[in-house]
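**Q** This is the structure I have questions about; it appears just below.
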Amino acid sequence: MAPNIRKSHPLLKMINNSLIDLPTPSNISAWWNFGSLLGICLTTQILTGLLLATHYTADTTLAFSSVAHTCRDVQYGWLIRNLHANGASFFFICIYLHIGRGFYYGSYLYKETWNTGVILLLTLMATAFVGYVLPWGQMSFWGATVITNLFSAIPYIGQTLVEWAWGGFSVDNPTLTRFFALHFLLPFMIAGLTLIHLTFLHESGSNNPLGIISNCDKIPFHPYFSLKDILGFLLMLLPLTALALFSPNLLGDPENFTPANPLVTPPHIKPEWYFLFAYAILRSIPNKLGGVLALAASVLILFLCPLLHKSKQRTMTFRPLSQLLFWTLTANLLILTWVGSQPVEHPFIIIGQLASLTYFSILLILFPLTGALENKLLNY
């Protein structure tokens, strides 16, 4: 019998073992679709970004005009830009749901996969931040100024570090140039990290909603999950194109239609919606260094998840108390997101402080305690 090239060719064999003949748990739900959706997001962002980069000029005098030129004069330039800007939002929606799934179903117990995933999230956040600066509107400029300035809170080396990052004494042309270079480079770094993430995942195999070993009941990835993933792509690309075509500026800030002006500060400086929860935590602490540490901790706390797991069961499927806590945390994050978009005044200050406190309390104290309590309840 002739050898099957799909199973004998060195390169095709790798693809086959990752996407075609991969043994997959038969009971994984739609929550397991977000990994492939993130892959589609990354591909879309790299393609649209590449096309935008061919028409973009990384210079303070020309950046804003070059983006306007892309939208007005380039064939379908407006569409490419709208897909790229809103594609970032969908990227974050998918990654947050993907992390939520991992947290709910105890996927963080695959430590290497989880840790590379958190590194991927941090890289994505960095990419989105430097990308937001490129159109060189008011919010681009002031967002870059405020967020990079946070590094000056680091004792002893802070100020030097910030001036080194800026390439001068304020956000200016050198900053824009290096941010463009970083924004071009980082997505390819994300692609590389994704391969590492997948390599670690395929070492252990996928988790499943029951959190039990599924070796006795596996099915091939293709055609079952390849088809399921295609349905997922369609269900994501539909709202993305709808948003890009009908209300492309819905999630943006009107302030960014004004070219950057270092002499005029916008009344409310705020990041894109997907950073608002972290921004609210940053603002809730009246001390600069304390705020920066809390901001960093709000994301880095994910690294602690495997260490804080105290339950005998892996998933929350049969743990009603942990489920209640999980959805409280979800509501808490939505409150933080809302507070982050509001001005710094009463009652938003106190709401933000309480929400920040509960965020850390739930993750660091209540989840491990509830896990231990549920173990006790199992014995009754």
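Heads up, the Cβ atoms here are built off N, Cα and C, so glycines get one too.
Here Swiss-Prot flags His84, His183 as heme b b562 binding site. Per Swiss-Prot, the feature heme b b566 binding site maps to His98, His197; the stated evidence is similarity to another entry. The ubiquinone binding site feature in Swiss-Prot is assigned to His202; the stated evidence is similarity to another entry. Feature annotation from Swiss-Prot assigns transmembrane segment to 34-54, 78-99, 114-134, 179-199, 227-247, 289-309, 321-341, 348-368.
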**Q** To the nearest Å, how far is the Cα of His98 (heme b b566 binding site) from the Cα of His202 (ubiquinone binding site)?
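**A** So the alpha carbons of His98 (heme b b566 binding site) and His202 (ubiquinone binding site) sit roughly 17 Å from each other.
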**Q** Given the transmembrane segment (179-199), which of the listed stretches 34-54, 78-99, 289-309, 348-368 has the most Cβ pairs that are under 8 Å apart from it?
**A** 34-54
**Q** Could you check what DSSP calls the residue listed as 'ubiquinone binding site' once collapsed to helix, strand or coil?
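**A** In the DSSP reduction, the residue listed as 'ubiquinone binding site' maps to helix.
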**Q** Near the transmembrane segment (78-99), which same-chain residues lie under 8 Å Cβ to Cβ, leaving out any that are not at least 6 residues past its ends?
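**A** Distant Cβ neighbours of the transmembrane segment (78-99) are 31, 34-35, 37-38, 41-42, 44-45, 48-49, 51-52, 67, 70-72, 117, 120-121, 124, 128, 131, 236, 239-241, 243-245, 248, 251-252, 272-274, 302.
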**Q** Short question: most Cβ pairs under 8 Å with the transmembrane segment (227-247), which of 34-54, 289-309, 348-368?
**A** 34-54
**Q** Based on Cβ atoms within 10 Å, give me the single least packed residue among the binding-site residues His84, His98, His183, His197, His202.
**A** His202
**Q** Quick check for the class: what is the C-alpha distance, in angstrom and rounded, between His84 (heme b b562 binding site) and His197 (heme b b566 binding site)?
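**A** Cα-Cα, rounded: 24 Å.
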**Q** Against which stretches of its own chain does the transmembrane segment (348-368) lie, if we need a Cβ under 8 Å and a gap of at least six residues from its ends?
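**A** Those are 280-281, 283-285, 294, 297-298, 301, 304, 308-310, 322, 325, 328-329, 332-333, 335-336, 339-340, 342, in sequence order.
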**Q** Hey, which bits of the same chain come close to the transmembrane segment (34-54), Cβ under 8 Å, at least six residues off its ends?
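**A** Non-local partners: 70, 80-81, 83-84, 87-88, 90-91, 94-95, 97-98, 101, 183-184, 187-188, 190-191, 194, 229, 232-233, 236-237.
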**Q** Do you know offhand how many angstrom separate His183 (heme b b562 binding site) and His197 (heme b b566 binding site) by C-alpha?
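**A** So the alpha carbons of His183 (heme b b562 binding site) and His197 (heme b b566 binding site) sit roughly 21 Å from each other.
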